[in-house]
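Working notes, structure below.
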């Protein structure tokens with residue numbers, strides 16, 4: 001379990017993250033949601049020690065992560081940032097092999113190679129393994145990055161907006177992969193996500209941030225509620241239960257009209 | 001096809017052939033047939049001039065190409081090299097300051113001055129490019145070139161005031177014609193630096209993926225960054241002190257290899273080193289035979305070929321981006 005205790009981040013005098021406390025349950029998908037500028041990515045960067053905090057603690061299984069050696073932490077938590085755009089010509093296999101760096105420091109053993117092969121198979125990247133990353137489509141590239149974290153074999157996996165720039169099909173594919181990692185490998189996954197319906201359909205727990213503070217944290221059924229979400233996003237949000245999922249409908253004041261038109265059209269057919 | 005051309009064994013064979021040619025090209029006639037039957041003068045020439053020249057070409061070419069490769073990886077910019085970051089100009093200024101302060105300074109003393117300023121210049125360049133938010137690929141080396149221009153002007157100014165303009169013009173255009181035994185051995189220091197570079201190849205590649213990426217993998221980014229910058233500054237200083245400025249080398253060679261073999265240093269560092277040596281050797285031999293028995297300095301030859309290759313590189317990049 002990861003416990004975050006009152007972390008704060010200041011940029012100048014402005015508190016972008018203010019006294020955030022939360023706990024991350026093992027073997028679950030936890031989504032961080034919230035409007036732009038709520039501090040989601042900053043919180044993620046602090047929990048994963050990429051960014052120094054100005055106060056507060058992050059405890060991984062009870063131990064402070066800021067006092068642990070970086071090289072040991074790399075075997076326990078992995079983080080994929082959205083800024084991992086790159087111009088370097090690296091093949092898919094080479095990228096995935098970086099995942100073994102915390103263990104082998106670049107000198108790959110047979111065991112490392114076996115784990116890399118396995119990660120390639122798991123993400124069905126076999127046909128691309130010798131292609132350069134910059135030749136892949138967005139969805140394939142995201143799969144390659146996730147394969148790297150699989151090779152890194154950490155219990156905790158943090159992803160900063162993994163669905164950015166992906167279409168619906170590939171977004172669903174990525175989320176299904178994440179669910180599979182939780183189910184089959186008992187991974188703990190924490191994602192920053194913008195699409196509230198993806199958060200609702202695929203996560204176990206949701207933490208909502210607003211203005212650098214935790215607005216609410218709980219199971220998805222506790223968070224996906226009309227009054228709570230309207231308060232966070234400051235807009236009208238209706239929630240419908242469709243095929244067992246809580247779906248948020250948030251298309252401003254005309255939303256009702258649109259739904260009515262849709263129902264009428266359906267009736268005519 | 002092109003992949004095969006850059007196979008390390010083929011490159012090494014080309015380098016060996018060129019090295020043999022280099023040993024037998026010069027004003028004093030020396031033929032391969034006579035190899036077991038050399039006069040004393042010929043033996044002397046081989047030992048004191050031809051062999052040192054050939055070896056120093058290999059070391060200088062290989063190490064400058066590798067230092068360019070490391071710089072490009074660490075700055076994540078294909079247009080950064082010891083020339084375009086101004087490192088060479090700093091190294092030159094260092095030598096001059098050493099000479100002005102201590103006119104009787106020996107080779108080690110010059111190296112020390114050159115190294116200190118090369119390191120200072122590299123760190124300054126890194127500071128500037130991390131401070132400025134404009135990350136345009138062309139903008140970064142332009143800053144380096146401007147900085148180098150300023151440093152070079154300062155050097156010229158000091159040289160003018162101290163009547164040592166002739167001395168610095170010697171370093172302006174690198175040449176291997178002054179390389180003789182007793183004056184080049186300092187260049188051997190590059191070899192351990194190259195070995196360290198090879199050992200760090202994987203770390204440099206990870207560092208090239210970015211600071212967050214490195215931290216995620218548990219790598220000490222700052223340490224790798226400074227190790228790399230030290231190696232490049234030291235290599236640059238060594239080469240400038242012994243043979244002078246060799247422009248473009250650190251820029252074009254790593255880029256050519258990268259086009260065909262990608263950017264994983266473990267895969268490209270050897271080819272880059274050998275290709276760098278081949279390129280310098282080729283330019284030097286050509287410079288020696290074109291206006292035989294006179295010589296065109298290798299720095300000029302490299303600049304001629306290098307600028308064409310550089311233009312082709314930019315053209316190719318513009319085309320692929322369009």
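All residue numbers here begin at 1 and follow the chain in the order shown.
Placed from the backbone N, Cα and C atoms, the Cβ positions cover glycine too.
Please treat TrEMBL annotations as automatic predictions, because they have not gone through curation.
In TrEMBL, the transmembrane segment annotation falls on B:186-204 of the listed ranges B:186-204, B:205-223. The highest tally of CB pairs under 8 A with the transmembrane segment (B:269-290), across B:51-70, B:90-108, B:138-160, B:224-257, B:296-315, is held by B:51-70. The listed stretches are B:6-30, B:115-132, B:138-160, B:224-257, B:296-315; of these, B:224-257 has the most Cβ pairs under 8 Å to the transmembrane segment (B:51-70). Most Cβ pairs under 8 Å to the transmembrane segment (B:186-204), among the stretches B:6-30, B:90-108, B:115-132, B:224-257, belong to B:224-257.
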